[in-house]
Amino acid sequence: MHCIRPIKAGFNATGDIVYSSKKISKELASFAFPCRKCIPCRLNMAREKAIRAYHESQMWDDNIFLTLTYDDEHLKSDRLQWIDFDLFIKRLNEKLNRGLSKENRRPLPYMVTGEYGDKTKRPHWHVLIFNFRPDDAKKHYVTELGEQVYTSEFIRDLWTHGNIEFGSVTLDSASYVARYAAKKLAHGNDQDHDYHPIHNTSKKHAIGKKWIEKYHEQTFSRGYVVLPNGSQGPIPRYYQDWYKKNHPEKWMEYDAKVKLKSKELAEMQSRKDQLDDFANFINYRGGTNYPLSRTQVKLAILKSKFKQLQEKLKL
């Protein structure tokens with residue numbers, strides 16, 4: 001999806017970059033940046049984070065999708081307390097790397113989202129931890145989708161605030177953790193709760209970096225990433241920034257050829273989706289055929305598209 005409120009920029013007469021349309025020189029090239037705040041931008045960000053997390057999981061033998069909850073005894077606030085998770089991940093790092101030299105320390109990339117229950121508004125954490133799986137994993141239950149869920153005394157002792165359970169890292173679980181970007185925008189204040197969700201990633205180990213370092217040639221020669229179901233997805237912005245920084249000459253070639261072709265195909269698909277969404281909207285209204293303004297049409301299409309992507313991201 002394309003940004004609906006792009007930030008326009010260009011050059012003034014002296015060659016400086018300016019963002020005011022009044023100051024932009026018409027004789028020089030102008031361009032636009034995604035706002036990163038509108039619904040399409042937020043959904044794109046969530047999707048890109050999910051793709052990067054899934055790719056990160058492919059680079060390690062062991063990964064877990066972990067849920068950390070609070071019991072009544074340790075629920076000291078109805079707000080998320082970042083220090084609780086921060087101390088947990090530090091204890092895990094210390095436990096796994098105790099006695100090891102800096103060169104031999106085990107990297108522990110993670111992506112975490114803290115949110116509130118839909119009904120109880122109770123705070124809890126969902127974490128993707130890469131390059132780790134506890135040795136004492138015990139089967140806990142099987143979900144309706146047939147996925148095995150485990151528990152671990154090792155992790156419980158490190159968490160100290162309540163119950164824990166974990167499963168496998170898949171594109172679905174990665175999408176679940178990455179959904180914060182769309183959810184925060186959709187509900188404003190995390191549904192009816194007046195507290196925002198928290199999202200963070202490991203600072204030392206960029207999510208997806210190992211994957212793009214290994215597969216950048218295939219990825220940028222195609223101009224897209226291949227998802228587990230065989231479908232094609234856009235190359236995440238982080239991958240593009242990495243490629244531009246580390247392979248500037250190849251980036252220029254990609255930007256001039258493959259990226260242009262990918263953009264044209266994406267725009268064609270976007271127009272098709274908009275027509276389909278509008279047709280569905282008209283059908284939903286019972287075939288009523290009274291005039292709609294351009295704004296009403298755009299909002300109708302966005303709402304339909306947003307609902308589809310919410311379902312896809314399991315919002």
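The backbone N, Cα and C atoms fix where each Cβ goes, glycine too.
The model shown is predicted, which means the values in this text are computed figures rather than measured ones.
Listed features, source Swiss-Prot:
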type: ACT_SITE; residues: Tyr176; note: active site, O-(5'-phospho-DNA)-tyrosine intermediate
type: ACT_SITE; residues: Tyr180; note: active site, O-(5'-phospho-DNA)-tyrosine intermediate
type: COILED; residues: 253-315; note: coiled coil
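Classification of Tyr176 (active site, O-(5'-phospho-DNA)-tyrosine intermediate) by DSSP places it within a helix. Using a 10 Å radius centred on the Cβ of Tyr180 (active site, O-(5'-phospho-DNA)-tyrosine intermediate) and all shown protein chains, the other Cβ atoms total 26. For Tyr176 (active site, O-(5'-phospho-DNA)-tyrosine intermediate), the count of additional Cβ atoms within 10 Å of its Cβ stands at 19 [all protein chains shown].
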